[in-house]
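Colleague: Before I ask anything, here is the structure I am working with.
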Amino acid sequence: MAASAFRRLYNLEWVGAGCDGPRGSLPGTSTDDTVGTYATDYAVAVVGFVTAAALLCNHSLPRSHKLCGASFFAWTAFGYGVAGALRQSLREDELSPTHRFAWTVSFVSTLIGIISFQLLANSVLVARFPSLARCGKYILVVSLVLFVIVIDYNIFAGASFLVTGAYSLAVLLYASVVFGLASEFAKLSGCALMITGMVVQAALSSRCGDAAYRNCFTDCPLPAPQFNHNALFHTLLALGLVVLGVAMHASPHASQKAGHMSPAV
């Protein structure tokens with residue numbers, strides 16, 4: 001049903017007036033189409049596409065490092081770009097979708113990106129710690145099985161923010177451990193920023209999201225709804241991608257210094 005027929009958007013005029021008087025829209029408003037949220041969606045997209053292009057144009061990088069890295073950044077950028085367009089142009093979000101196929105495309109794109117990052121992290125693990133090669137294979141198999149399950153869930157059961165986010169968080173945590181063990185602290189910092197964004201988004205959702213709308217966002221520490229928990233998550237994600245991208249472009253893992261790049265498994 002079109003947004004014009006059933007209003008789900010925040011009444012920003014009512015919020016700007018201090019939430020005084022009738023709300024002017026139905027209770028249960030849940031659609032986050034605010035500028036801060038979709039603008040930061042686009043910020044993630046720009047960072048992702050630029051970084052992917054930079055990695056592909058860096059002829060000093062090993063082929064597998066280049067392809068896995070560029071795939072991660074490009075698919076992540078595409079997924080968040082689609083989400084930004086859906087918020088801005090169609091006035092909907094992942095919690096109240098109308099164009100479900102488009103949201104599925106967005107979520108599946110980010111999942112393709114995150115599995116590419118999993119492959120890259122595995123290559124680092126195997127290259128730096130050959131004795132853990134078998135462990136890396138088991139981890140990769142489990143991750144691929146979960147990837148297929150999550151993809152199927154998003155396609156057949158509907159795009160799920162919770163399922164997609166949980167899988168992405170697990171991969172980022174794994175990559176953080178790998179980069180930490182490999183003493184690649186710049187890449188670890190990039191992952192940490194992205195993980196922090198996810199955690200903060202979940203922690204502030206009840207204080208800065210739909211539940212806070214009826215209270216005029218008085219308990220939200222952010223300037224919501226113009227810049228809320230989703231916008232903060234996107235901002236930290238974009239910053240994490242910048243840090244990670246610069247580190248990957250300037251200093252690939254130590255196996256390159258030895259003149260080779262180990263495969264993912």
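Note: Cβ is positioned from N, Cα and C throughout, glycine not excepted.
Pasting the relevant annotations from TrEMBL:
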TRANSMEM  35-55  transmembrane segment
TRANSMEM  67-86  transmembrane segment
TRANSMEM  101-126  transmembrane segment
TRANSMEM  138-156  transmembrane segment
TRANSMEM  162-181  transmembrane segment
TRANSMEM  188-204  transmembrane segment
TRANSMEM  231-251  transmembrane segment
Colleague: For the transmembrane segment (35-55), I need the partner stretch with the highest count of C-beta pairs below 8 angstroms, choosing only from 101-126, 162-181, 188-204, 231-251.
Modeller: 231-251
Colleague: May I ask for the residues of the chain that lie six or more residues beyond the transmembrane segment (231-251) and have a Cβ under 8 Å from a Cβ within it?
Modeller: 34, 36-37, 39-41, 43-44, 47-48, 51, 54-55, 58, 61, 65, 69, 73, 76, 80, 184, 186-187, 189-194, 196-198, 200-201, 204, 222
